[in-house]
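Undergrad: Straight from Swiss-Prot, here's the annotation block:
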| type | residues | note |
| --- | --- | --- |
| BINDING | THR13, GLY14, SER15, ILE16, ASN127, GLU129, GLY213 | NADPH binding site |
| BINDING | LYS128, SER154, GLU155, SER184, HIS207, SER220, ASN225, LYS226, GLU229 | 1-deoxy-D-xylulose 5-phosphate binding site |
| BINDING | ASP153, GLU155, GLU229 | Mn(2+) binding site |
Amino acid sequence: MSRPQRITVLGATGSIGLSTLDVIARHPDRYQAFALSGYSRVDELLALCVRHRPAFAVVPSAEAAARLRASLAAAGCATEVLEGEAGLCQVASAAEVDAVMAAIVGAAGLRPTLAAVEAGKKVLLANKEALVMSGALFMEAVRRSGAVLLPIDSEHNAIFQCMPGDYARGLSAVGVRRILLTASGGPFRETPVEALLDVTPEQACAHPNWSMGRKISVDSASMMNKGLELIEACWLFDAAPAKVEVVVHPQSVIHSLVDYVDGSVLAQLGNPDMRTPIANALAWPERIDSGVAPLDLFAIARLDFQAPDEQRFPCLRLARQAAEAGNSAPAVLNAANEVAVEAFLERRIRFPEIAGMIEQVLDQEPVVPLPSLDAVFAADQRARELSREWLRRHGR
């Protein structure tokens, strides 16, 4: 019998990371945790290390590393502690690693995810920002290295499952007419537009269907999450933005659909639980038990669909415009959104101001080519500086 696959989980203490470890723990004969990373939740990372006994753990700073080393020693756990971006890149590209779960949220996940790609790993991509920021460079690295890129976002994983195996030949060549990206509409789908001025971070983070971290919950509430997913879908499936349509589907049971030229529409259904796409990607091309309950169609009884309201969700419009503009526009969009969401969570701006701030930054920052990773981070930094300048003028 072959040895278990060694998995690095980047972002182990987050929602995706914990779900990944849940699936791994269900199949100890197939998978083992090789390395786990965490950001601010050092105590939670300690507990995960004690339970899963990885070879390495990665934290952001020397201070956090010293604290974790002392705690691991006291617990009798031999996990080696690394720190910073260099540590993340090391465990993402290590020769012993078979697959990498890339689940660090935001721009911070780009370099370690790219390190895994360049090392030719099987990369389970939950960090959509990596593709949004550096799509052309990222996909070229995938082609050059021979890495296997498998999407973890439930929507992109659904599309992947509904696509023919040779979709890389081009959507037209395999008879795909369009991709239908489903969205729940979030907690404010029916909130009067004028009432959005007064919604709180707690309300924005109370998603009706999914359990997620705070940043992605706010992105879901603003539908920026769907906008970022639209951009990601364009890169993953080599689709023009016009070929990707967003459909609001409140039940979050159909995770996305692929429309073919012969009139067939293939959909992937399942309970809203991230362990399904995680298990699908971990085992691909095989199937394993994820721990998710079977879908009860009789309990669901109905499936509803509606067009997205761009007056209520201007972030979706901004993301589509950025996708169409290409070059640096998606990286600028992403950076401005990260700053805006953080400001909203800190109660420095109101919910509708997230889109207002992003739009102003997009208007101010010219669209330029991004020929290198340095150029990507330069565009990201300029957008963050413009965003902070906007906050100084307009924030509370």
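Residue 1 is the first one shown; counting continues down the chain.
Every residue, even glycine, has its Cβ placed from backbone N, Cα and C.
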Undergrad: Roughly how many Å lie between the Cα atoms of ILE16 (NADPH binding site) and ASN225 (1-deoxy-D-xylulose 5-phosphate binding site), rounded to a whole value?
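TA: It is 15 Å, counting Cα to Cα.
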Undergrad: So if I measure Cβ to Cβ from GLU129 (NADPH binding site) and keep only same-chain residues at least 6 apart in sequence, which ones fall under 8 Å?
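TA: Long-range Cβ contacts: VAL105, GLY106, ALA107, GLY109, LEU110, LEU228, ASN334, GLU338.
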Undergrad: Which number gives the other C-beta atoms within 10 angstroms of the C-beta of LYS128 (1-deoxy-D-xylulose 5-phosphate binding site), all protein chains shown included?
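TA: If we count other Cβ atoms within 10 Å of LYS128 (1-deoxy-D-xylulose 5-phosphate binding site), we arrive at 28.
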Undergrad: Based on DSSP, name the secondary structure state of GLY14 (NADPH binding site): helix, strand or coil.
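TA: SS state of GLY14 (NADPH binding site) = coil.
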Undergrad: If one measures from the C-alpha of SER15 (NADPH binding site) to the C-alpha of ASP153 (Mn(2+) binding site), what distance in angstrom results, rounded to a whole number?
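TA: One finds 12 Å between the Cα atoms of these residues.
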Undergrad: Taking the Cβ of ASN127 (NADPH binding site) as reference, which residues of that chain separated by at least 6 in sequence fall under 8 Å from it?
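TA: Within the chain, ASN127 (NADPH binding site) has Cβ neighbours under 8 Å at LEU10, GLY11, ALA102, ALA103, ILE104, VAL105, GLY106, GLY109, LEU110, THR113.
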Undergrad: Please identify, from the binding-site residues THR13, SER15, ASN225, the residue with the sparsest Cβ neighbourhood, meaning fewest other Cβ atoms within 10 angstroms.
TA: SER15
Undergrad: Identify, in sequence order, the residues in the chain of GLU155 (1-deoxy-D-xylulose 5-phosphate binding site) that are 6 or more apart from it along the sequence and have a CB within less than 8 Å of its CB; answer 'none' if there are none.
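TA: Listed in sequence order: LEU181, THR182, GLU229, ALA233, HIS255, SER256.
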Undergrad: Could you work out which of the binding-site residues (ASP153, GLU229) has its C-beta surrounded by the smallest number of other C-beta atoms within 10 A?
TA: ASP153
Undergrad: So if I measure Cβ to Cβ from GLY14 (NADPH binding site) and keep only same-chain residues at least 6 apart in sequence, which ones fall under 8 Å?
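TA: When sequence neighbours closer than 6 are ignored, GLY14 (NADPH binding site) has ALA103, ILE104, VAL105, GLY213 within Cβ distance under 8 Å.
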Undergrad: Can you tell me how many other Cβ atoms are located within 10 Å of the Cβ belonging to GLY213 (NADPH binding site)?
TA: 17
Undergrad: Does HIS207 (1-deoxy-D-xylulose 5-phosphate binding site) have same-chain partners at least 6 apart in sequence with Cβ under 8 Å from its own Cβ, and which are they?
TA: SER184, GLY186, PRO187, SER217, SER220, ALA221
Undergrad: Using the CB centroid of ASP153, GLU155, GLU229 as the Mn(2+) site centre, which other residues of the same chain sit with their CB within 8 A?
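TA: Residues close to the Mn(2+) site, other than ASP153, GLU155, GLU229: LYS128, PRO151, SER154, HIS156, ASN157, LEU181, ASN225, LYS226, GLU232, ALA233, SER256.
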Undergrad: Just the number: how many Å between the Cα atoms of ASN225 (1-deoxy-D-xylulose 5-phosphate binding site) and ASP153 (Mn(2+) binding site)?
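TA: About 10 Å separates the two Cα atoms.
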